[in-house]
Structures are given as C-alpha cells and as structure tokens.
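Participant: Straight out of TrEMBL:
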TRANSMEM  40-59  transmembrane segment
DOMAIN    45-667  domain 'Major facilitator superfamily (MFS) profile'
TRANSMEM  80-104  transmembrane segment
TRANSMEM  110-132  transmembrane segment
TRANSMEM  220-250  transmembrane segment
TRANSMEM  270-294  transmembrane segment
REGION    300-324  region 'Disordered'
TRANSMEM  354-372  transmembrane segment
TRANSMEM  392-412  transmembrane segment
TRANSMEM  424-444  transmembrane segment
DOMAIN    469-524  domain 'Kazal-like'
TRANSMEM  549-576  transmembrane segment
TRANSMEM  588-611  transmembrane segment
TRANSMEM  640-663  transmembrane segment
Amino acid sequence: MEISSKENTQFFSNNTILPVDRSSFKSESSASKEKQSCCGGIKIFLGALSFVYFAKALSGSYLKSTITQIERRFDIPSSLVGVIDGSFEIGNLLIIILVSYFGAKLHRPRIIGAGCLIMSAGTFLIAMPQFFMGRYRYERFPSTINSTVSISPCLQDKSQTPLSALEKSQAKINAGCEKEAGSSMWIYVLLGNLLRGIGETPIQPLGITYIDDYAIEENAALYIGCVQTVAIIGPIFGFLLGSLCAKLYVDIGFVDLDSVTITHKDVQWVGAWWLGYLIAGVISVLAGIPFWFLPKHLPKPESRKDSSTSSEQSKFITEDNKDQHKSYQQQVKIAEMAKDFLPSLKNLFGNPVYILYLCASIIQFNSLIGMVTYKPKYIEQQYGQTSSKTNFVIGLINIPAVAFGIFSGGLIMKKFRISVLGAAKLSLGSSFFGYLLLLSLFAMGCENSDVAGLTVSYHGTKQMTDYEQALFSECNSGCACSKNDWDPICGENGVTYISACLAGCQASNGSGKNTVFFNCSCVGTLQSPSQSSSAVVGPCQKGNECPKMFLYFLVISVITSYTLSVGGTPGYILLLRCIKPHLKSFALGIYTLAIRVLAGIPAPVYFGVAIDTTCLKWGSKRCGGRGACRLYDASALRYVYLGLTLVLGTVSIFFSVAVLWVLRKRSSPHDETLSANGERGTCGTKSRKDNFVNSDRLIQTTYWPEKETRL
C-alpha cells in the first residue's frame, strides 16, 4: 500500500498530540483500515477491469484476424465485410449516451458485469452460422478431385466428360443455389457483432471513471496506462488464436480432411474461423463474474478528503454555473437526473479544448481503424503471405509494440509529472513522428504476381487493360473455358494461370493437391512456340525480392506502432483534466460515441470500398453474381491503403496543433503566483485565462465534493 509523505506526517502528528488518548488510537486504526480497504478494493477492481479489457480486446482482434476468412466463407466483397465490422460500433451507438450518463449514478461494477454477459452472447452468435449452413465448397476442376475418372482440363467438347459426372456436378450446383437463395448467413455475424458492441459499451466510460474516482490521484495515470496495456495483450492472443484457427480447415470435425484438395496457402482456403469465437465467448463470461461482487462505492483515499479543489484541474474548468456544484443526495430520481442532461451537454460542447481534441481523435481513429481492419488483407495481398502467418506476425510482433508504447506513455506521465500542456505536446509529437515513419512504407511494396491475362499477357508483356478479353488467347482458343473460374495453377515458366483450361492443358496426372498438368499450350508459349510444358496446382509464389521487402515492412511497422501508441495515455489524461469532474463519465461517453459513429462505423466501409476498386479478378457465386475478390493489383492497393491512412493522419495532426495552440493561449505567466494565492483560472471565459504551464503535477491530491454523484 502506497502512503504519501503528507499522510505519514499527519499520522505521526496525531500521535504526538494525543499520545495516551484511546479515541485517537481508535481513529488512527479505523483510518488505517480505511486506507487498506480503499487500496485493496481499487486494486481488485483494477485487476477485474484489466481482465475485461483483455476479453473484449481478444474478441475484437480475433474478428480483425478473420476478416479474410469471413469474406471467403460467405463470398462477399470487402465493403460488406466493412459493414459487418462497423456493426460493433453501431451497437455502441444505440446505448452509449444512456450508459455513460445514467450509469455513472447507478451501480457501475454490476452494469459492467451485465455488459460482459451480453458481449459473450454476441460472440457466440457470430459462430452460429457454421452449425446451420452447409459445408464449404471451393472452385476445383473435376480432375483435381479424388476420382478414378480421367478428364482433360481443356474441354474442347463436353462429351469428354462422362454424363454421370456432369449430372452429379449440376445437381450439387442446383442444391447449393436453393440453399443460398433462402439465406444470407452473414447477417448472423453482423447481428452478433452488433450485440457484442452493446455489451462492451459500459466497460470504458464506467470503468475508467471508477478508477479515477477512487484511486490516489497521482496514481491515476499509471493505473489507466496499466489497464490499456493489459488491453493490448488481448489482441496478441486474439491474433495468435486467429493464426492457429486459420491453419485448421473450416469444416474440421465435419468432413474427412483427406478429401480437401486445397492448402492454407490457397486464396480459397477458409480456416476454422468459428472456433475462436466460441473460446472468446467463454472468456467474456468468466471476465464478468467478479463485477457482481464488487461494491458500488469504495472509501475515498485520505489524500482526496482534505481539500475541495484540484489546483491544476481547476485552472481550466469554468466556474460560471454555481448550481452545478451542489452535492447530490443519496437518492435521486431518474427524472431529476435527466433535467441536467442538456445543460451538461452544453457545458461539454462549450469547452474548446474538448471539442478540438474530439475532432483530432475522430480523424485519427478513422485512419487507425481503417489501417488495422485491413492490415491482414494488405499483408496477404501485398507480400503473398498466408492468413495464418499474417495473424501470427501481427500478434507476436506488432501488437506488443503497441502495448509497450501505451505503457511507456503512462510511465512518462508519472515519472516526469507532466502537466496537461505537456500531455498535449507528447500526444502531438507521437502522432507526427508516427505518420512520418508510415510514409516510408510506400517504398516497401512488391510487384504484382505474373498472372496470365490479368497482370501479364500470354506472351509476357505487362500492363493489361481489358482484363475480360485478355483472359482468352490463341493458345487456349480451342478450349471451352469460363472466364469466371478461379482454379489457379503455376506453370514451369513462373506464371500463374487462372485455370488449367485457360492454360491450355490437355492432360493431367494424379489427384487432389498432387495433381500435375501436362501439354499446357499457353505455358509453352512463353518458352518456345513449339514446346508444351507442365504446371502444378496452386498459384506461383511472389518474386525473390518480396520476402526482403516484407521484412523491412515489419521493422518500420513495429517502430510506427510504438511511436503512435506513446500518445495514447497522455491523450486520455488531457481529456479527463479539461472537463468538470462530475461530467467525466458523460464526457468519455460522448467521446466514445463520436469515435464509434464518425470513425468506427464509416472507416471500415469506405476503406473496404476503396480496396475493392483495386480488385483484378472477382470470384463468382454458385448461383451467379460477384463473390469475393481473388486477386488485387498490388501497386494500386498499396497507394489506396497507405494513402488513405496518411491523409487522414495528417488532418488529425492539424487539429492536435490547434489543441496545443488553445492551451498555450490560455496559459498565464503568473501561474505560480495565482497557484500560491489559491486562485483558480477558467477555461471557458474570456475574462481570465487558464494557468497550468508551470504546474509540476499531473493531478493534485485534492478532492471535489461534487466529483462523485450517487443514486
């Protein structure tokens, strides 16, 4: 238990004055017990809240890791996946204001516990489509399926295919169409994510303010930093879990894995995406249990009972409405609380620092959310990595850098006792240098894979324009091929062909993953006009320079993640210290609401729409229509993905500069004199300026009576 020097002085002083008075000893004993109870209670709550942050971060990051799996499983474009990802924020939007405003006056721990149960129910719902929809089917030519029937890939005449095989294939297609026409199972994923967002709503505004109300004020920044650090550990396990599940086939336990003819390196591969949601749901249930046994209120620390004002916080809080400083009674009716809603909202939006910081955060979170959501897809398409390896790298290398950055920000705030103005500088500096590093990633991309008819012609020339017509050439003119198929093979010449038919292959040997195609006329075109060559199942790997570029990308990405994360905790402190204490929960709720509505919901959608514009080859649904994208233009994807991220980040930096300018403008050179005289500056009036430049503490050990409202 930490006891300040001031508290020790008071303790020994009381002993000296009344050395033989038993009432004094009794008072000291009760005070000591109160301190222990306070310290123990807040640490128990801190541990429980950290576990909840871990649980919600794990399920959220696992959703990010399964973006490509969901896209392929339900055969939907990136823009629709963005809508599914944004449904989490919609769930927050539905009740965030009510929870943050009224929840502060109710039993906050139990509200958080109820939220955990709702969050777990939503997580379980996301996994349910796996148990109600049919088995996953992927595009494969009949010759690659385990069968005794020998079929030529280049079907010059359908009579080459036995009638029974064609009938069975057509029957399966018709059956699939009937099932797909009656259901869109991705809706259950959307609804589950929406329900998960509703359950997560009370955790941040009520949990953070509970710590700030009952912790020793000089430790508040460190505690918040610890909670956020543990929250970042959740994504580590989330992405590692995603990496493990991505290696397992989607229908594991339901089908014979020996009959699966694709590997996890294939773009049609879908991992066991549903398995991780079952695990995350169980963890969410366990995380909510402790909150049902925590008290509504904790004893106030002694250091916060002796004074009624915070010397630094009071310097930038308007004191024009004296009625708002009345203490709340133990029993307050809901109607009476509702009367203060509009005045409280007006007070928040009248604070220029709060508004400018809110705008900066909205733009920055647009950048960060869009970048994080599609980062696995970007790595897969840009550097030719598998989903499993991509999730493993993000979870084991990138996320720890974010955790260390957030913890470093809280530690810097505590060690150097940085003021609110210093917090604004630190937050701005981390954003500026982070986006500057991100700029270098433009030079660390890979060229497009050589895909005949898409990125190169069948004669080896680059820059294809009419992709639909370019898929057909003289070398495959005698074959009855479909341009909608996606069953890639890799020729001996290092070029990928969309299907064995379009490669002009006349024969095949083997089955399943070991199928080898022979006499491929299009493969021989690039080698010798009179020579035919062979090809194997699956696309060709990217060039030799791509692995090196991927390594450079990882290094810069880790440094960038750390740099951007350092400003996380200072930003929270800036937000908390520039508003009235009794409005902290409400202000955090409005802040969270704005982030959800203006960043969390639209960012994945328009990032997804922009990414879809770079698609070179769309898959086809079983019953017709456009499915998921099979191949992207690597260069266009790099410019769209990184360009959007950097443009939004640059705009947010301008708002951060405005925040710093307002804080500097409201500072006064007479800060020390005013602080010594006990005067308080104002942040919302023009008659007096706020004074906090020379403040040597982040949070003074003082207490405002109206800081805690009770029901």
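Placed from the backbone N, Cα and C atoms, the Cβ positions cover glycine too.
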Participant: How about the transmembrane segment (220-250) and the transmembrane segment (549-576): at least 3 CB pairs under 8 Å, pairs 6 or more apart in sequence, or not?
Facilitator: yes
Participant: With pairs 6 or more apart in sequence, are the transmembrane segment (80-104) and the transmembrane segment (270-294) linked by at least 3 Cβ pairs under 8 Å?
Facilitator: no
Participant: Quick test of the contact rule: Cβ under 8 Å, at least six residues beyond the ends. What residues does that give for the transmembrane segment (110-132)?
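Facilitator: For the transmembrane segment (110-132), the list is 49, 52, 55-56, 59, 63, 74, 91, 99, 103, 185-186, 188-189, 191-203, 206-207, 250, 273-275, 277-278, 280-282, 284-285, 287-292, 294, 296.
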Participant: Do any residues of this chain, six or more beyond the ends of the transmembrane segment (354-372), have a C-beta under 8 angstroms from a C-beta of it, and if so which?
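Facilitator: Same-chain residues near the transmembrane segment (354-372) but 6 or more away: 64, 348, 431, 564, 571, 574-575, 578-579, 587, 590-591, 594-595, 598-600, 602-604, 606-607, 641, 644-646, 648-649, 651-653, 655-656, 658-659, 662.
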Participant: Would you kindly list the residues that approach the transmembrane segment (549-576) from elsewhere in its chain, counting only those six or more residues past its ends and only Cβ-Cβ distances under 8 Å?
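Facilitator: Residues packing against the transmembrane segment (549-576) from afar: 208, 212, 221, 224-225, 228, 232, 353-354, 357, 361, 368, 379, 383, 385, 393, 397-399, 401-406, 408-410, 412-413, 418, 420, 422-424, 426-431, 433-435, 437-438, 440-441, 444-446, 584, 587-588, 591, 659, 698.
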Participant: Among 40-59, 270-294, 392-412, 424-444, 640-663, which stretch has the most Cβ pairs under 8 Å to the transmembrane segment (588-611)?
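Facilitator: The listed stretch sharing the most Cβ pairs with the transmembrane segment (588-611) is 640-663.
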Participant: Across the domain 'Major facilitator superfamily (MFS) profile' (45-667), what does the mean pLDDT come to, as a whole number?
Facilitator: 79
Participant: When secondary structure is assigned with DSSP, how many helix, strand and coil residues does the domain 'Kazal-like' (469-524) contain?
Facilitator: 12 helix, 15 strand, 29 coil
